[in-house]
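Visitor: My questions will all concern the structure given below.
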Amino acid sequence: MGRIYFATTNLKKLKEIRSLFEADIVHMNIPMVEIQASLERIVDHKLNQVVPCIGEGDAVIVDDTAVAFEGLYGFPGVYIKDFLRIGSRKISEIVGKIGNSNATAFCCLGIAHYRDGRVVKKVFFGELEGSIVESKEDGLEGFDYIFLPSGSSMCLGDMPVDEKNRISHRRIASKKLADYMASVGIIKAHGS
């Protein structure tokens, strides 16, 4: 098997993905155009942009995330990156005024690889139930510091990496992806 790439401009995500897989993940630093669509269509569009960069035997992984606030009927969803521009403290305030802090974090991981000379694309989802809590400070990167997983006493961003990697939405999606990769010979099966 060739190389396994993770296409992202986010070095924090790259580090997290590398910690989730028992394989050598090569960084593919390619800015991608993000369309406004469903999580699955966004990931498929990203895959279409990076497939020309890989060769026979290689694989490339992309990802996207969404956060659905129950009190806002699923908003911001895939627009979470734009919504975060107002700051984590403001998001906490908005959710507090609505009176329903329930939220679901979603991760969609996509993989493209060649099989018998043809590109094969697959997507895998992970979701994590939780709630939005008051921000300790503003300007924190991402939603991890205001997202409290159900049954946890710590926000995702406050957890030690190994604990976060056991429960996160990205972990759930990456487990499904790793199982697929092992089933088609991209990586060795766990324990092999």
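Keep in mind that glycine also has a Cβ here, set from the backbone N, Cα and C atoms.
Take a look at what Swiss-Prot says about it:
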- 8-13, K46, 64-65, K81, 141-144, K164, 169-170: ITP binding site (BINDING)
- E34: Mg(2+) binding site (BINDING)
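Explain the structural surroundings of these features, please.
Guide: Counting only residues at least six positions away in the same chain, no Cβ atom sits under 8 Å from the Cβ of L11 (ITP binding site).
Neighbour density for E34 (Mg(2+) binding site): within 10 A of its CB lie 13 other CB atoms from the protein chains shown. Following the DSSP three-state reduction, the secondary structure of E34 (Mg(2+) binding site) is coil.
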Visitor: Among all the protein chains here, how many other CB atoms are within 10 A of the CB of K46 (ITP binding site)?
Guide: 25
Visitor: Using a 10 Å cut-off on Cβ-Cβ distances across all protein chains shown, tell me which of the binding-site residues (K81, H169) has the largest neighbour count.
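Guide: When each Cβ's neighbours within 10 Å are tallied, H169 leads.
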Visitor: Using DSSP with the three-state reduction, classify T8 (ITP binding site) as helix, strand or coil.
Guide: coil
Visitor: Let me know the DSSP-derived helix, strand or coil state of F143 (ITP binding site), please.
Guide: coil
